[in-house]
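**Q** Got a structure for you, questions after.
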Amino acid sequence: MSTNISSAATFFAIFSMVVILFTVSPCFSDPDMLTRLLYANVSSSDFFFSGLMEEADTDNIFGIGTSTGNVRTFPGLNTLGLSMSRIDFAPNGTIPLHTHPRASETGFVIKGEVLVGFISSRSIFYSKVLKAGEMFIIPKGLVHFQKNVGTGKATTMTAFNSHLPGTVILSTVFVTTPTVPDGILAQNFQVDETVIASIKAKFGVL
C-alpha cells in the first residue's frame, strides 16, 4: 500500500510541475500582437516589398540615403511589430545622433566599414567599427549614430521590433517650427546665443 501511495504522490508531483511549467512559461515569452491582423481589403502586393533593392540618393549634408520598409510603405507589416531600413552612405556619410522611441534596432553591415555607437542611460559610450558581415544592436530609445569610416561607399540594413519605430534626430532642436528661442538653446548647451544663431544658419533657419 505504501508503495502505491508513494508512486501516486510522485506522479501528482511531476504532473503539478508540468502544469506549472506550461502555465508560467508564456509569461516569459514575447507579447502577442496588440491587435489581430485583418485580411479584409488587402491583396498579395501588401505582403511583398521591393523598396530596399536600390541604392538611395546620398547627395545631402549628411551624405546618407535611407529607404524604409515600415507600415507606411509596406502595409503587410501592420500590427506585426517589425520593420526594416536600408541606409546607403557616401564616403564620410553619417547618420546623425538620433533615437527610436518605440523600438530597439539591430543592424547588419552589407558593404564598407561603419562606426556604430550609442550612449547608455548612464552616459556610457559604446562603439565599434564594423565590417561587412558584422551585426550590432541598439537598445530601445538610446541615442546612437552610424558613420562611414571606410574609403568607399557603405551600406547597412537595419531591423526594428515595431512596425513604425519613429525617429527623433537631436539636431532638430535647431530647426523646429516655430523655433525654440535662442536663449533656451544657449542655456541648455551652455554657449552664447551667437553660437546658436550660427548653427541655425547652417541648417537654413534664420
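Each residue, glycine too, has its Cβ placed from N, Cα and C.
TrEMBL does not curate its annotations; it predicts them automatically.
Pulled from TrEMBL, these are the listed features:
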type	residues	note
BINDING	H98, H100, E105, H144	Mn(2+) binding site
BINDING	H100, E105	oxalate binding site
DOMAIN	50-197	domain 'Cupin type-1'
SIGNAL	1-29	signal peptide
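Give me the local environment of each listed feature.
**A** Long-range Cβ proximity for H144 (Mn(2+) binding site), meaning a same-chain Cβ under 8 A and a gap of 6 or more residues, is found for L97, H98, T99, E105, V116, G117, F118, I119, I138.
The 10 Å shell around the Cβ of E105 (Mn(2+) binding site) contains 22 further Cβ atoms across the protein chains shown.
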**Q** Compile a sequence-ordered list of residues in the same chain as H100 (Mn(2+) binding site), six or more apart from it, whose Cβ lies below 8 A from its Cβ; state 'none' when nothing qualifies.
**A** I138, K140, G141, F160, S162, P165, G166, T167, V168
**Q** Counting each residue once, how many in the domain 'Cupin type-1' (50-197) are helix, strand and coil under DSSP?
**A** 21 helix, 59 strand, 68 coil
**Q** Within 10 Å of the Cβ of H98 (Mn(2+) binding site), how many other Cβ atoms can be counted across all chains shown?
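**A** So the number of other Cβ atoms within 10 Å of H98 (Mn(2+) binding site) is 16.
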**Q** With an 8 Å cut-off on Cβ distance to the H98, H100, E105, H144 Cβ center, who else from the chain surrounds the Mn(2+) site?
**A** T99, F118, I138, L142, V143, P165, T167
